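Listed in Swiss-Prot for this protein:
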ACT_SITE  K209  active site, proton donor/acceptor
ACT_SITE  S409  active site, nucleophile
TOPO_DOM  1-24  topological domain 'Cytoplasmic'
TOPO_DOM  46-618  topological domain 'Periplasmic'
TRANSMEM  25-45  transmembrane segment
Amino acid sequence: MRTLWRFIAGFFKWTWRLLNFVREMVLNLFFIFLVLVGVGIWMQVSGGDSKETASRGALLLDISGVIVDKPDSSQRFSKLSRQLLGASSDRLQENSLFDIVNTIRQAKDDRNITGIVMDLKNFAGGDQPSMQYIGKALKEFRDSGKPVYAVGENYSQGQYYLASFANKIWLSPQGVVDLHGFATNGLYYKSLLDKLKVSTHVFRVGTYKSAVEPFIRDDMSPAAREADSRWIGELWQNYLNTVAANRQIPAEQVFPGAQGLLEGLTKTGGDTAKYALENKLVDALASSAEIEKALTKEFGWSKTDKNYRAISYYDYALKTPADTGDSIGVVFANGAIMDGEETQGNVGGDTTAAQIRDARLDPKVKAIVLRVNSPGGSVTASEVIRAELAAARAAGKPVVVSMGGMAASGGYWISTPANYIVANPSTLTGSIGIFGVITTVENSLDSIGVHTDGVSTSPLADVSITRALPPEAQLMMQLSIENGYKRFITLVADARHSTPEQIDKIAQGHVWTGQDAKANGLVDSLGDFDDAVAKAAELAKVKQWHLEYYVDEPTFFDKVMDNMSGSVRAMLPDAFQAMLPAPLASVASTVKSESDKLAAFNDPQNRYAFCLTCANMR
């Protein structure tokens with residue numbers, strides 16, 4: 001018996017030692033990881049990640065991930081993220097549109113940069129106005145006499161759009177230029193909510209305000225289908241026209257439709273690369289070795305890199321413009337508009353208003369450019385931003401809005417105080433309408449034997465997700481939504497020198513492209529960010545200026561924690577999706593995207609000016 005007790009005691013003793021060893025090892029590894037991340041970030045902050053070209057060569061435009069107006073603060077340490085998690089982790093990588101454009105423009109005047117090579121295999125896309133803006137910079141580079149080349153084993157639709165701005169496009173002999181058109185799709189939950197016995201109460205104004213349809217339908221309404229088909233067709237035609245002009249071929253040759261594409265592939269025996277070459281989508285078919293040889297002849301050989309001489313976009317040092325005294329403040333509204341402080345990928349009403357206020361109070365800032373790339377969101381937060389922008393204009397500082405890929409619904413609400421609005425022809429804007437959704441689960445609880453009861457001094461004191469929504473509360477909510485809509489169209493009417501009745505005819509939640517918005521008087525001119533800045537300078541009557549970007553600078557500790565937590569947040573869904581078959585992984589990604597949108601809905605009055613179809617555009 002004593003031997004047995006010794007064995008049991010020994011077993012627990014050694015088990016405890018093993019657990020203690022594992023605990024200490026995990027803590028030590030965590031500490032080492034923390035130190036490495038901190039050192040890596042310190043090196044990047046101190047400029048260790050940038051280097052000048054020591055000799056003449058190409059700028060390698062090897063964009064990895066997506067293009068956004070304003071990357072999340074932790075994304076500025078992208079090199080460290082790529083080193084820790086691999087370049088394929090494009091989920092983690094956000095690239096500043098303006099950094100890319102400024103880099104290309106700096107390279108144009110850099111004697112050590114003799115050309116650009118676009119290697120876009122890890123490029124995950126961006127909205128059409130953003131890529132047009134990059135294309136403009138690439139054209140300026142070409143016009144300076146320096147060549148632009150595009151290389152790729154395959155080209156997705158977004159990758160090919162950028163590649164079309166090149167002097168020459170190479171494609172692998174086994175590659176494909178994958179053109180298929182645009183789509184906007186979303187998930188619809190009505191049947192699911194019915195099965196769960198969830199009661200959905202929808203309040204809206206606007207025939208075309210389709211953001212609530214997922215809660216009350218299992219498919220698109222005819223009105224939403226008609227409206228979305230129109231603007232998505234316009235965007236696709238803009239895509240084809242741009243590529244056709246770049247390649248100097250007819251738009252019908254870029255994409256002849258599904259049937260025409262099938263006939264063309266039949267003639268080439270299914271050889272997608274041959275089809276691309278014969279239809280002048282690319283200039284040459286070549287292997288990696290052949291492309292390397294051609295680029296080496298153009299740019300020279302690097303003994304260190306054992307490749308043609310080039311410097312990555314991520315290593316090329318972007319110079320800070322000189323402080324000329326006067327400045328034009330640039331404030332970003334990038335993402336869904338939320339009440340409160342800014343979160344990753346979303347616009348915080350309080351954060352953005354504070355940035356506008358800082359620009360208003362800075363005597364060196366002579367004008368403000370609000371860069372909007374948002375499908376809208378919280379009405380309360382939108383009004384907070386709008387009011388602060390109106391205060392800046394009232395203080396005598398010109399306000400110009402530059403619309404990016406989207407400036408819809410709440411994104412248009414915050415644009416109304418501007419002296420001048422510049423939109424891209426492919427901007428999605430309008431969507432002037434308001435909605436609210438309240439779900440209650442009293443029937444769900446009842447079906448499993450859970451009931452709610454109590455007393456209250458009025459029906460309004462007993463509003464809860466676990467009880468049926470009182471009729472009085474429903475009527476009050478609808479009145480609030482209708483009042484918000486009247487407020488919206490009145491703001492637009494005052495800003496556009498029109499009447500609420502006239503604005504109502506083009507509102508009702510209707511989405512417009514920038515081109516149509518110009519025709520309807522919702523914007524002042526068509527152009528890009530450069531045009532908006534030039535207009536701001538003109539209104540402020542300044543001859544020399546520099547741009548002052550208003551972004552929240554995180555502390556060093558925040559940078560360390562953001563990289564760590566951001567990496568973990570990104571790796572977990574990636575790891576989960578990696579274990580799923582491809583079709584299920586795609587569904588999981590869609591579900592996560594939908595849940596992220598719902599998480600951004602935090603308006604205290606449950607009122608939203610949000611364009612769901614704009615956010616679903618791809």
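Any Cβ shown, glycine's included, is placed from N, Cα and C.
Fair warning: this is a prediction, and the values are worked out from it, not measured in the lab.
Between S409 (active site, nucleophile) and the residue listed as 'active site, proton donor/acceptor', the C-alpha separation comes to 10 Å.
Cβ neighbour count for the residue listed as 'active site, nucleophile' (all protein chains, 10 Å cutoff from its Cβ): 35. Residues near the residue listed as 'active site, proton donor/acceptor' in space but far in sequence (CB under 8 A, at least 6 apart, same chain), listed by position: S431, G433, I434, F435, Q508, G509.
Confidence across the topological domain 'Periplasmic' (46-618), taken as the mean pLDDT and rounded to a whole number, stands at 87.
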